[in-house]
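Noted in Swiss-Prot for the protein shown:
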- GLU92: active site, proton acceptor (ACT_SITE)
- CYS337: active site, S-methylcysteine intermediate (ACT_SITE)
- CYS112, CYS116, CYS119: [4Fe-4S] cluster binding site (BINDING)
- GLY159, GLU160, SER189, SER218, LEU219, HIS220, ASN294: S-adenosyl-L-methionine binding site (BINDING)
- CYS105-CYS337: disulfide bond (DISULFID)
- 98-334: domain 'Radical SAM core' (DOMAIN)
Amino acid sequence: MTDATPLLGRSLPELQDWVVAQGQPSYRAKQLYQWLYERSIHNLAEISVFPKAWRQSLQAVPVGRSQIVDRSVSPSGSIKYLLRLHDGEIIEAVGIPSGDRLTVCVSSQLGCAMACDFCATGKGGFRRHLAPHEIIDQVLTVQEDWQQRVSNIVFMGMGEPLLNLDAVLAAIRCLNQDIGIGQRGITVSTVGIPGHIRRLAETKRVGDRPLQFTLAVSLHAPNQAIRDRLIPSSRHYPITDLLQECRDYVQITGRRVTFEYILLAGLNDQPEQAEQLAQLLRGFQSHVNLIPCNPIDEVEYQRPSKARVDAFADALRQQRVAVTVRWSKGLGADAACGQLRANRSTATLPA
């Protein structure tokens, strides 16, 4: 019996069902589980503990692993990967080192429909959702290439995670419960989709465990006019409505919300705009990540000076807003926030 659905992403009980359906004893599922998630195999024929005849019959069963077609290293040590999927499409993932930690920035969609004005991914449009195994594979690929255990995952690559929420939650379940990455080390970023933050809050659980990962909302503006310019979809989703959903999320989950704010020189980096932002977030259980703009070819936005960034952060702190400045580490490899877009025209694809 064959099954075209990749095995990567399945839980141990699901693998037990699959193994038994193949006419094998159920204990083989534990072996398969270990080889999938601890040894990160690409083909079932690699499982030496399986009977040879069965291994040979399993060669056509898809595990769900991608192929690295290019890797670019930034001066800071971050590595951007171009990964070829089963259908020939290319996605991007980034490995980001920090001391003894390794963070993976993963994609949740092939392309993105949000078309944010400062982001490279949206310039290429939306092609399709990624399946759970295609998300999980990005983490295993980086972990395997670095020969280092992944400690953190950020859903800040290609795509809008909440528009592919079922697959994202399925991937997080596996990454947490099967691969052993703590939920508190996982961040899911969104520009804000009407009703979807509430839907996420009401989910409450990931698999059989409480929802504990971090929600990061890409706010990027202190008022509706600037947000409409930067994020076209926000024209149908007022900031007041977005923030109310975020407040509901905090109340339902007990988890604070992180707000991402990209600083663009001369547009949203003025002291008075810091005060507007502080007013928006007053009384909110939240944290603000300030991200100085990362340049991309198609837009004219510039990164503010360090003095301007520091002044903006100080203005927020004076208003009792918790804030962190995030200087991107992937600039030299076009792997920083806002720069991810799989470039199939320049990637060297092996025959």
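The backbone N, Cα and C atoms fix where each Cβ goes, and this holds for glycine too.
Feature map: Swiss-Prot annotations on the structure.
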residue : record                               : Cβ within 10 Å
GLU92   : active site, proton acceptor         : 26
CYS105  : disulfide bond                       : 27
CYS116  : [4Fe-4S] cluster binding site        : 21
CYS119  : [4Fe-4S] cluster binding site        : 25
GLY159  : S-adenosyl-L-methionine binding site : 29
GLU160  : S-adenosyl-L-methionine binding site : 27
SER189  : S-adenosyl-L-methionine binding site : 22
SER218  : S-adenosyl-L-methionine binding site : 26
LEU219  : S-adenosyl-L-methionine binding site : 29
ASN294  : S-adenosyl-L-methionine binding site : 21
Residue pair GLU160 (S-adenosyl-L-methionine binding site), CYS112 ([4Fe-4S] cluster binding site) - Cα distance, angstrom, rounded: 6
From recorded positions CYS105, CYS112, SER189, LEU219, the one whose Cα lies nearest GLU92 (active site, proton acceptor): CYS105
Neighbouring recorded positions, C-alpha within 10 angstroms of GLY159 (S-adenosyl-L-methionine binding site) - of CYS105, CYS116, CYS119: none
Count of other CB atoms lying within 10 Å of the CB belonging to HIS220 (S-adenosyl-L-methionine binding site): 24
Cα-Cα distance linking ASN294 (S-adenosyl-L-methionine binding site) and CYS119 ([4Fe-4S] cluster binding site), given in Å to the nearest integer: 9
Pairwise CA distance, HIS220 (S-adenosyl-L-methionine binding site) versus CYS112 ([4Fe-4S] cluster binding site), rounded so that it is a whole Å: 18
Alpha-carbon spacing, ASN294 (S-adenosyl-L-methionine binding site) to CYS112 ([4Fe-4S] cluster binding site), which is rounded to whole Å: 18
Secondary-structure category, per DSSP, in which GLU92 (active site, proton acceptor) falls: strand
Neighbour count (Cβ, 10 Å) for CYS112 ([4Fe-4S] cluster binding site): 26
Model confidence over the domain 'Radical SAM core' (98-334) (mean pLDDT, whole number): 94
